[in-house]
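A short worksheet on the structure shown next.
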Amino acid sequence: MNIHEYQAKALLKSFGAPVADGVAIFSADEAEAAAKQLPGPLYVVKSQIHAGGRGKGKFKELSPDAKGGVRLAKSIEDVVANSKDMLGNTLVTKQTGPAGKQVNRLYIEDGADIDRELYLSILVDRSVGQVAFVVSTEGGMDIETVAHDTPEKIITVAIDPAAGVTAADSTAISDALKLEGAAREDGAKLFPILYKAFVEKDMALLEVNPLIVMTNGRLRVLDAKVSFDGNALFRHEDIRALRDKSEEDEKEIQAHEYDLAYVALDGNIGCMVNGAGLAMATMDIIKLYGAEPANFLDVGGGATKEKVTAAFKIITADPAVQGILVNIFGGIMKCDVIAEGVLAAVKEVGLKVPLVVRLEGTNVELGKKIINESGLNVISADDLDDAAQKIVKAVKG
């Protein structure tokens with residue numbers, strides 16, 4: 001689960017991290033009052049969407065030369081004008097895709113005198129099985145370019161879970177970031193704070209980009225992105241309350257309600273599969289034959305007819321879907337249950353695109369019989385390779 005920047009900063013501030021003062025607003029009418037709560041005279045007006053690259057993003061409704069989703073304001077009047085310009089419009093960034101995201105809230109923040117911009121994140125490094133700090137002296141908006149062009153400038157420091165962030169760890173991180181004087185002292189305090197927040201709140205990612213050294217030599221968290229492990233949210237009621245469903249894909253919200261593992265993608269072939277590994281293999285083979293999957297969807301091993309029906313309806317609700325591939329290897333999952341669920345969904349929502357079904361495993365003959373006797377125009381496939389070729393051919397004509 002993701003949260004907004006202002007929510008992430010409030011959370012980190014509660015753990016003791018150095019964060020600038022700021023106020024979240026939901027309408028331009030609130031902009032003046034928000035700015036007056038801050039010291040000034042420099043302000044930053046930040047679009048709050050669940051996507052990176054806001055500073056270099058562009059608003060669909062504004063001219064191409066208009067400023068992006070993060071703007072500097074040198075007066076309260078500038079804050080108000082920028083708020084009116086940004087709220088309600090659609091911000092397109094590298095991470096939103098061409099559809100963009102509507103900006104429904106802004107964060108008005110006190111400006112900072114920046115000397116250096118650094119990058120810091122905390123994540124689970126699966127290569128070593130530990131939580132790790134990933135840091136770089138090349139912070140700011142272009143960290144993706146740094147990672148691609150000069151990966152040697154990105155340093156990883158793994159943390160022993162039994163010891164937490166030790167003095168040696170802090171020294172290693174500070175050395176990697178080339179911190180000196182007051183900034184180094186601040187780092188020795190900040191790194192354990194961020195690690196504590198990451199562990200206690202079951203985060204999947206904590207990204208500070210940039211972490212800045214100000215002209216007075218002190219450290220400050222200038223931007224923050226936090227994602228939480230969805231499997232641990234049951235023990236964090238305070239975090240669940242921060243969820244903004246308007247930032248999430250409606251289909252993914254529906255899938256969550258039925259305990260379906262669904263991720264929307266940019267392709268045109270919908271997939272319904274049981275098992276994450278088989279689902280990924282199905283997406284790979286669709287791509288191998290020259291098409292793109294529209295989603296990842298794992299119905300799980302113990303899906304009911306109702307669950308399968310819901311999954312099919314979620315797929316068909318995507319206007320980009322031009323064909324559907326159902327690929328089931330029945331172990332715990334029974335092929336006849338899949339067949340009944342698909343037919344129930346088709347009868348309810350109709351079948352306007354080609355449908356290829358590949359069934360194998362438990363009750364496979366019964367499942368095929370149910371589909372064959374349905375009278376529906378369903379294309380049967382013998383194996384995964386055959387299924388992928390048939391759905392790609394049906395879509396491309």
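Each Cβ is built from the backbone N, Cα and C atoms, and glycine gets one as well.
Features as listed in Swiss-Prot:
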{"type": "BINDING", "residues": "K46, G53, R54, G55, E109, A112, E117", "note": "ATP binding site"}
{"type": "BINDING", "residues": "N209, D223", "note": "Mg(2+) binding site"}
{"type": "BINDING", "residues": "N274, G331, I332, M333", "note": "substrate binding site"}
{"type": "DOMAIN", "residues": "9-254", "note": "domain 'ATP-grasp'"}
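K46 (ATP binding site) sits 50 Å from G331 (substrate binding site), taking the C-alpha atoms as the reference points.
With respect to I332 (substrate binding site), the closest of these binding-site residues in Cα terms is G55, chosen from G55, E109, E117. In the three-state DSSP scheme, N209 (Mg(2+) binding site) falls into the strand class. Counting other C-beta atoms within 10 Å of each candidate's C-beta, the binding-site residues A112, I332 are led by A112. When each of the binding-site residues E109, E117, D223 is scored by how many other Cβ atoms sit within 10 Å of its Cβ, E117 comes out lowest.
The most crowded of the binding-site residues listed here (G55, G331) is G55, judged by how many other CB atoms sit within 10 Å of its own CB. Within its own chain, R54 (ATP binding site) has K46, S47, G68, G69, V70, L91, T93 as residues 6 or more apart in sequence whose C-beta sits under 8 angstroms from its own. Distance between Cα atoms for E109 (ATP binding site) and G331 (substrate binding site): 55 Å, as a whole number. Taking every pair among N274, G331, I332, M333, the residues listed as contacting substrate, the largest Cα to Cα separation comes to 10 Å. Listed in sequence order, Y119, L120, S121, G139, G140, I143, D223, K225 are the same-chain residues six or more apart from N209 (Mg(2+) binding site) with CB atoms under 8 A from its CB. On the backbone, the CA of N274 (substrate binding site) and the CA of A112 (ATP binding site) stand 51 Å apart. With respect to their backbone Cα atoms, G55 (ATP binding site) and G331 (substrate binding site) stand 49 Å from each other.
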